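These features come from TrEMBL:
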- Asp47: active site, nucleophile (ACT_SITE)
- Tyr105: substrate binding site (BINDING)
- 4-98: domain 'Pseudouridine synthase I TruA alpha/beta' (DOMAIN)
- 139-240: domain 'Pseudouridine synthase I TruA alpha/beta' (DOMAIN)
Amino acid sequence: MVLEYDGSNFCGWQSQPGGNTVQDAVEAALSEIAGEAIRVVTAGRTDAGVHAIYQVLHFDTRAERPMNAWVRGANALLPSGIALLWASPTADDFHARYCALERCYLYLLLNHPVRPGLHQHRVGWYHHPLRLESMQMGAQMLVGEHDFSAFRAAACQAKSPVRTLTKLEVTRVGNMVAFELRANAFLHHMVRNIVGCLVYVGKGKFRPDWIGKLLENGKRSEAAPTFSASGLYLAGVAYDARWKLPPFVEPPLTAIVPGTNRPAILTSWATSGGNPVAGATPEVRDICRFE
């Protein structure tokens, strides 16, 4: 099964005592449809406040239902903010977590003097101008197989801090900065810690080569604070073609957060060469965006 969810009102994916979790809601709905207790396995656990555009899960059941009954029936029972998108029977040896080849995460950061109102739970926010080129340079130092000790949570339970990051792309659309990361697997808080460090580079606190130094020394205490969960999306999970899952396609930013450019009569910074001018006096513009 493939599902999407807005994690704003949930205590993360994983079931926990007294917690309002996505897993509990999904299992309750599927159990109602199946007429028996259902326990699901997912491709990746997301923290409180983190969203998913393309999350994959599997479960075992003796119940036989049409695929549309699983999807439509469960969606009729699921709370607002969670939706099943696709279902199909699969081989007995398929495992949503262990068969995954690659995960893709997307972090959306509103780079604007004024904090978001309508989308406060759907984007991160940073109010000082960020230099895109500096962040792109720092990002490329993280691509490849590395020890990511400096970028994982202190409570991370992974046996090894080594991960292979196959892609880290930083782009800007209007006021929105997007960080796309792909890896075989991620450590706890790895994406949010990377974003925090790249923001430090983008605002000029450190040079891009600081990212490489963090990789070398592996000290979490010398890295930037963990960025907020609100801008993080599990954007996709890749599998071998033999499992016949639909490929994930990343939607445009405007589909996730409509109106990536702020409306008129808001303050913005002067820009030069596509980047905000550091230290510039904010001014009023008809369209508030970085160009």
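Cβ from N, Cα, C; glycine included.
Taken together, the residues of the domain 'Pseudouridine synthase I TruA alpha/beta' (4-98) have an average pLDDT of 95. A coil conformation is recorded for Asp47 (active site, nucleophile) in the three-state DSSP classification, outside any helix or strand. Per-class residue totals from DSSP over the domain 'Pseudouridine synthase I TruA alpha/beta' (139-240), listed helix then strand then coil: 32 helix, 31 strand, 39 coil.
Here the CA atom of the residue listed as 'substrate binding site' lies 13 Å from the CA atom of Asp47 (active site, nucleophile).
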